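According to Swiss-Prot, the protein carries these features:
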COMPBIAS  1-12  compositional bias 'Acidic residues'
REGION    1-25  region 'Disordered'
BINDING   CYS26, CYS29, CYS44, CYS47  Zn(2+) binding site
Amino acid sequence: MSESETTDEPDSETASSERTGQLESCQRCGREQGLVGKYDIWLCRQCFREISRGMGFRKYS
């Protein structure tokens, strides 16, 4: 066997986080789905909608 064919198996915990790529969660409620990560906000879309005006975002129609 060559070095590239080694049988090292990653830990199941590490493998699951790498598989989904989901490393962040909402800073307010902890939800892991529907995250707004732009500008490193890391809020779920529901929390972002509730507090976005207070953060200085404006809603355009």
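Going from the start of the chain as shown, residues are counted 1 onward.
Cβ coordinates come from backbone N, Cα and C, glycine included.
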Report task. Give the sequence-ordered set of same-chain residues, not counting CYS26, CYS29, CYS44, CYS47, with Cβ within 8 Å of the centre of the Cβ atoms defining the Zn(2+) site. Result -> SER25, GLN27, ARG28, GLY30, ARG31, GLY34, LEU35, LEU43, ARG45, GLN46, PHE48
Query - Intrachain C-beta neighbours of CYS26 (Zn(2+) binding site), sequence separation six or more, cut-off 8 angstroms - result: GLU32, LEU35, TRP42, LEU43, CYS44, CYS47
Query raised in the report: Sequence gap of 6 or more, C-beta under 8 Å: which same-chain residues meet both conditions with respect to CYS29 (Zn(2+) binding site)?
Result: CYS44, GLN46, CYS47
Requested in this report: Enter the number of other CB atoms within 10 angstroms of the CB of CYS47 (Zn(2+) binding site).
Outcome: 20
